[in-house]
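Worksheet for the structure shown next.
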Amino acid sequence: MTAYGGEMTKERRKITVGLLFGGRSAEHEVSRASAANILRALNSDRYDVYLIGISRDGRWFACDSGNGAGTGSTALTISDEAPEIGLVPGGRGRLVHCDGPTGSDAGSIDVAFPILHGPNGEDGTVQGALELADVSFVGSSVTGSAVAMDKEVSKRLMRDAGLPVVPFLTTTASSRIEYAAAVAALGTPDLFVKPANLGSSVGVSRARSEEEFAASCALAFRYDRKILVEQALNGAREIECSVLEESTGDIRASGLGEIVRASEHGFYSYQAKYIDADGAALHIPADLPLLQARRLQELAVEVFNVLCCEGMARVDFFVQGDEVFVNEANTLPGFTSSSMYPKLWEASGLSQTDLMDKLIAHAFARHERRRALSFG
C-alpha cells in the first residue's frame with residue numbers, strides 16, 4: 001500500500017480507495033477501530049489504500065504505516081506531523097497539500113470510503129464535500145445521511161410512513177422540558193434521554209426520577225443542542241439487521257442478530273459496546289419465530305427506503321413479545337471486530353472482503369448515475 005494514491009500494476013491499475021477515519025466527533029475512537037478492520041478486509045490485490053485521518057479539530061492528514069497505521073493494528077492512528085491535505089472541489093478525487101508548498105499535488109483517489117461515525121462525518125457534511133469534489137464514495141449521500149443522523153427527523157418520517165416507533169419527544173437547550181411534563185406526555189416515569197445527533201450510545205442515560213432526568217439532560221446537552229426523550233421499554237429485546245444496496249439498486253436484508261447485554265449494564269451503553277469485553281453478547285442468528293424474523297427484514301428494507309439510505313445501513317429494532325418498534329438506522333455502522341453489520345453479512349454468507357467489493361461497486365455505479373443527470 002502507498003500513502004499517496006497507489007501505483008500502476010503491469011496487469012491493471014488498482015483502484016485507489018481513500019479511507020477516511022477519525023473525525024471531529026465523540027465517536028472518533030470507534031471510527032479509528034472501524035478503519036483498521038476495513039483496511040484488513042480490503043483486497044490488496046485489487047485496491048491501494050490512501051489513509052486519510054481526520055483529527056479531532058477537523059484537519060485532514062495523509063497517514064501511512066509510518067504514522068502507526070497498519071493491517072495489524074486494532075485502531076489506526078493520526079499524527080499531526082503527517083502531511084495536511086485537502087480535497088479539490090470538482091477535482092474528481094484530486095488531493096493537494098495544505099502545508100508546505102500549499103496547493104501542491106498530494107495524489108488522488110478513485111473512491112472514498114468514509115468510516116466516520118457521528119457528527120461531521122455521518123451526518124451529510126463529509127458526503128457533501130465528496131459530492132462537490134465529484135468523487136465516488138461509499139454509503140448514503142447527503143440526504144440519507146442527514147435524515148438518518150437526526151433521531152427526531154428520522155422518527156417523524158418513520159412514524160408518518162406508518163412504521164412503528166417508540167413514543168418520544170424532543171427538547172432543546174433553549175426550551176427545556178420538565179420531568180413531570182415528559183412523564184405526562186410519554187405515560188411513564190421510566191425514560192431514556194439521548195443526544196439527537198449522535199451514535200454509539202454516547203451521551204445516553206436512563207432516568208426514573210426528577211434528579212436523574214436533570215442529570216441525564218445535562219449529559220446529553222454536552223453533545224447536542226437538541227435531545228430526544230423516549231419511553232423506556234422494559235424487557236425489550238434488541239434486534240439488528242444489516243441492509244445492503246447492490247450496484248444495480250437491488251436492496252437486500254441480512255439475517256438477524258440479537259444484542260444481549262450483561263446484567264450489570266442497565267442498557268446497551270458505550271461502556272457495554274466498546275470498553276467492557278464482556279458487556280454484551282451477540283447472538284447470530286437471533287432466536288425469533290420465522291414469520292416475525294421475515295417481518296423484521298421487510299421492515300429494515302422499508303426503513304432504508306423511507307430514510308433515503310443508500311449503499312448500506314444497519315437497522316435496529318426493539319422486540320417486546322409480538323410488538324416490534326424501529327429504533328434507528330445507522331448509515332455508517334460500526335466495522336470494528338465486534339460490530340454487528342459485517343458479522344451479520346458473514347453469517348449470511350458474504351465475507352467482509354466481498355462486502356467491501358459490493359460497497360465500492362455501488363459507490364461507482366451511483367456516481368455514474370449522478371453524473372448522467374443534467375445540471376445545466
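Along the chain as shown, residues are numbered 1 onward.
A Cβ is built for glycine as well, from the same backbone N, Cα and C atoms used for every other residue.
Per Swiss-Prot, domain 'ATP-grasp' is recorded for 155-361.
For the recorded site, LEU219 (ATP binding site), the DSSP three-state label reads helix. Neighbour list (LEU219 (ATP binding site), Cβ cut-off 8 Å, at least 6 residues apart, same chain): VAL193, GLY203, SER205. Annotated ATP binding site per Swiss-Prot: 184-239, in sequence order.
If you take the C-beta of ASP316 (Mg(2+) 1 binding site) and look for same-chain residues 6 or more apart in sequence within under 8 angstroms, you find GLU238, ILE239, GLU240, VAL326, ASN327, GLU328, ALA329, ASN330. Marked as Mg(2+) 1 binding site by Swiss-Prot on the basis of sequence analysis: ASP316, GLU328.
According to Swiss-Prot, the Mg(2+) 2 binding site annotation covers GLU328, ASN330, on the basis of sequence analysis. Look at ASN330 (Mg(2+) 2 binding site): DSSP puts it in a strand. There are 23 other Cβ atoms within 10 Å of the Cβ belonging to ASN330 (Mg(2+) 2 binding site).
The DSSP secondary structure for ALA184 (ATP binding site) is helix.
Averaged over the domain 'ATP-grasp' (155-361), the predicted model has a pLDDT of 92.
Ranking the binding-site residues ALA184, LEU191 by C-beta neighbours within 10 Å puts LEU191 at the top. In the structure as shown, the Cβ atom of LEU233 (ATP binding site) sits within 10 Å of 19 other Cβ atoms.
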